[in-house]
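In what follows, a single structure is set out as structure tokens and then discussed.
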Amino acid sequence: MSVPRCGSIIVDLGLKFNSTTKEQDVIITLNDAVKDGKLGEFSVGAIKGKRPDVELTGRGATSPVNGGISPHNTSYKILIIITIFIIIIIIIIILVIFVITIIKIIIAPKVFFYYLLLIEDNFVFEIAVELLKPSQSHYMALDDRTRSRVMADASPLSTEQISEYASLNPYARSWEIPREHVTIKQIVGKGAFGQVAKATAVNLQGRAEKTLVAVKMLKENASESERKDLLSELELMKQLKPHPYVIKLLGCVIKSEPLFVLIEYVPFGDLLGYLRKSRGLNDTYYKDPDIKPQTNLTSQQLIKFAWQIADGMSYLSSIPVIHRDLAARNVLVGEEETCKVTDFGMARDVQEDNIYERKTRGRLPVKWTAIEALLYGKYSTIQEWSYGVLLYEIFTIGGSPYPRMDGRKIANLLQEGYRMPKPQHVDAKLYDFMTKCWKDDPNLRPSFEKLRNKLKEMEKQHKGLINLKNYDDRLYVNVDDLAV
């Protein structure tokens, strides 16, 4: 028997239900049960709807009364989580597809190729060198001494006109030209397996009038390897943007034989012949009675030739392209004595560290090849060594570098520290500028950009740097490939 006691207590009740129950319904139920002021054996004064901080466990336990998470709420939250997860997966898939698409658009396939240079033995010799990429080399049949001459029945393109034909995006246009639109006039230069013809073309990019072009093609005895090399050179030229000091590609005919590669026409032939003819020497590779070589070239003209070539090479190095045969014979002289770098047969498009190493046997232009390439077969976009030799050719007005020396002797002398001596008519400042290009460490050689800028400044002081009054023509008459 219970004994009534005075006082009051506060009791926290934990209730569990077998089904979902709203908190308000619980309060109403309890209030109805204690209307008479009692709950069981206890008298109840009031019930406050406050959720106890008690977690109920055991069979059939549900969430706390006040605001507990119901199965309905749980399912809703799970649904939200799954939805968010699916959205994230979709976003990731979209991003992956977008990145792949951008890569396909931006990254163009690069063509790597190799050119076996075939010129006089006293210019080159055979040497075993290393090749990293690609694993198979090709041998370009087009001789570097191909020449072009003026056409009487057509006019050269202006720089603006030519720029229209050379697309900034090589894949944004078709380079193929119908064969019937090309008319071959005359063969003006020949190599071991290739030749260059003067020609006219109509309907170049919709132009009905005739356009003067030079056409590079193969001889009938050319092999499949030479054919691949010509196509490789074409592919590299397609990558080049228009540049005033780099020869321009105008089109091609490759869907049928024989293959034609149409390039910009320049009227004065190569720079080497242009320099030597100005001295009255006879160029056996280029004879054109319609073109009279300029005599008495000035020192300013010589320095102008030098910085124009440096400008063109600065662009090629930025792509990056390793030319590997930069020499006066591979620079063409256009209108207004504009020099244009050409002959990309030995050129190589590189992307990894700008370094190229050859592993095949081939013939190299030893007198123009950097010491690290001669000794170790390594090439890079740091090509200023060859440019220094080209400066010697220009400032001696077509003199032959390392006169009366064969290739093997040159390689040994360079390793011992030998460098070509200063021409007597060239100032020490200009000669020092040349020798910086011949540093043993390629990283110590000036960039083409610096070379161009410095030579432009030197052009203003040309008379003090090249004193042609002291130029002795007899010192440079031993011209290896010319008949006097």
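Each Cβ is built from the backbone N, Cα and C atoms, and glycine gets one as well.
Remember, TrEMBL labels are computer predictions, not curated facts.
Per TrEMBL, the features are as follows:
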ACT_SITE  Asp325  active site, proton acceptor
BINDING   189-196, Lys216, 264-270, Arg329  ATP binding site
BINDING   Asn330, Asp343  Mg(2+) binding site
DOMAIN    182-465  domain 'Protein kinase'
TRANSMEM  78-106  transmembrane segment
*Fewest other CB within 10 angstroms, which one of the recorded positions Glu264, Asp270, Asp325, Asp343?*
Asp325
*By CA-CA distance, flag whichever of Asp325, Asn330, Asp343 among the recorded positions is nearest to Glu264 (ATP binding site).*
Asp343
*Mind checking which of Gln195, Asn330 has the fewest other CB atoms within 10 A of its CB? They're the binding-site residues.*
Gln195
*Separation of alpha carbons, Asp270 (ATP binding site) and Asn330 (Mg(2+) binding site) (Å)*: 7
_Neighbour tally for Pro267 (ATP binding site), based on other Cβ positions within 10 Å of its Cβ_ = 17
*What's the CA-CA gap between Asp325 (active site, proton acceptor) and Asp270 (ATP binding site) in angstrom, rounded?*
14
*Could you tell me the mean pLDDT over the domain 'Protein kinase' (182-465), as a whole number?*
83
*Do you know offhand how many angstrom separate Gln195 (ATP binding site) and Asp343 (Mg(2+) binding site) by C-alpha?*
12
_Let me check the 10 A CB neighbour count of Gly189 (ATP binding site). How many other CB atoms are there?_
23
